[in-house]
Amino acid sequence: MFAELTEAFGPSGYEGDVRAIMAGHFSGSMSVSTDRLGSVVASHEGEAKGPKILVAAHMDEVGFMVKHITKEGYIRFLPIGGWWPQVLLSQRVNVRTRKGDFEGIIGSKPPHAMKEDERKKPPEIDELFIDLGVVGEKGAADAGVRPGDPIIPVSPFRFLANGVLAAKAWDDRVGCAVLAELANDLPKHPSRLYLAGTVQEEVGLRGARTVAGLVEPDVAFAIDVSLSSDTPGADSDAVEKFGAGAAVLVHDSTMIPNVALRDFVCEVAEAEGIKYHLTSLHGGYDTGAIHISKIGVPSIALGLPSRYIHSHVSAIYEEDYSALLNLMKAVTQRLDSKKLSEITKFV
């Protein structure tokens, strides 16, 4: 499942392949629908008519889009989502055109042809180009290339040493994997559960907004990655590292979670013996859009430490994934109407 999800083509706005995979995982035991942006939502009524629990994970990955083709046949491109240009040089990409998928290489002016002051500066994305191996504008046209065509990194899933899993797009195919496994655990689930693979998170939490309007949840969770701090040059005092278990977000740029819901998640983790840690992030999650829909939705983001996100190859630790999955299963099993009433009681 990890290879299937991480290797799938799915930059923001072009999530169709991932949506098909998720719908396949959902369809065995859930009712499946979509909203009008393309997010896929699976619903399960459960044994008891308890609260409507939404668990969201975004299907899209950071990628690129064809901006224009040069007269020599090279592709100038735009970023979709956040990229650091230094990670792009000489990397392989897959350009999807109306005539098929074409592999290319991200190129730049060679350092041997640069002046000394140019070599000291990192390139800007608009200075880079993609080489498909075609000749001239006609060669690009014969391949079906045109402005607006989506582009993703080429990076196969790999097992590294010590339970480390490497792939592109862990942000957020790891959340998609959790949703798929939650769907397989449904026959004994007591609550009204909604699992949503959202679109366009990387460009502004867009799918989360429309999913919230479709589901109208009573409580919501976003499953996503957080940032590991156990690499050279990172904050050595930070708790966010491989082996730290599930991440419970106490703050991000888009939301401060419902405090009672946060405490409930921690209590469940401790009762179940699931390893977890509290952390914060400068970025945002789907819950940033969900929690302010309609009259407000008690929400929290959960994740796991990851390395090297928003690049061609990122990494997670398998034991942290297991902790995250087990925590999400336990929380949704225990979250009933009585607990929701406690979470939303402010006066």
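Backbone N, Cα and C define each Cβ position, glycine as well.
Keep in mind the model is a prediction, meaning the values are calculated, not measured.
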Same-site residue for Zn(2+) 2 (record: TrEMBL; known: E202, H310; options: D171, D230, D235, D336): D171
TrEMBL Zn(2+) 1 site partner of H58, D171, selected from D101, D126, D218, D224: D224
E202 (Zn(2+) 2 binding site) - helix vs strand vs coil (DSSP): coil
DSSP-derived structure type at H310 (Zn(2+) 2 binding site), helix or strand or else coil: coil
Euclidean distance between Cα atoms of D171 (Zn(2+) 1 binding site) and H310 (Zn(2+) 2 binding site), Å: 8
Residues flanking the Zn(2+) 2 site, with Cβ no more than 8 Å from the Cβ centroid of D171, E202, H310 and excluding those residues themselves: E61, V62, G81, G82, A169, D172, I309
Whole-number Å value for how far E202 (Zn(2+) 2 binding site) lies from H58 (Zn(2+) 1 binding site) (Cα to Cα): 8
